[in-house]
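K.L.:
Here it is, the structure, as structure tokens.
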Amino acid sequence: MLARKLTQQLGHPTQSLVGWLVTKFLERHNRVLEERAVRLCEIQPDSTVLEVGFGPGLGLQEAVQYLTDPRGKLLGLDYSEYMHKLARERLRDHIASGKVRLFQGRVESIPLPACSVDKVYHCNCHLYWPDMRAGNAELLRVMRPGALMVTTLKLASLREAVSRGVIQDKKWQPEPYMEALIAAGFTDVRLEEKQHKGRDFQAIFATAAK
């Protein structure tokens, strides 16, 4: 029962004790993955950037630093009302200036026009999409031709979470996600082994071909 509740909260944190614990876990364990995803995107000062599943806003906080041109925009989408609230507080000055816009909703229905985004990144959140192919197809729709999407994950940590029952009933291996990317129409889909300060992690790259 507890393990299943943790799985649910990881995918959709709520304002509760378990949701608070999940938030602290994300802030501690996902910070490096968020920051690496941002850097691997090679964001330009005038890029339009989208983070999917922004959680408490750590990746947004990192990405906005690269958008120094007035034309640069940072967008975020998260299903959780609680995460949306926390990220709004963390980014409130950038939101007030118009540099950052946050949306609450599902990846299968992104409230953005077609071909409007240069870079997309996320950290592990594809594990909780009800339909990976539909989610990737919608991301492809909003991305400009040649736009890059970067997904970061730590397979060793996911494997351990699955063995302990913290993540249940999820396709956590990278292959189903990469197959869904290809099926949706992405090209140059590849997984690369990465390292940061002696710690291994993985990055999945995909290019929007139109």
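Yeah, the Cβs are placed from backbone N, Cα and C, and that goes for glycine too.
Sharing the record's features from TrEMBL:
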DOMAIN    49-146  domain 'Methyltransferase'
K.L.:
Can you tell me the mean pLDDT for the domain 'Methyltransferase' (49-146)?
P.N.:
95
K.L.:
Residue counts in helix (H, G, I), strand (E, B) and coil for the domain 'Methyltransferase' (49-146), per DSSP?
P.N.:
40 helix, 26 strand, 32 coil
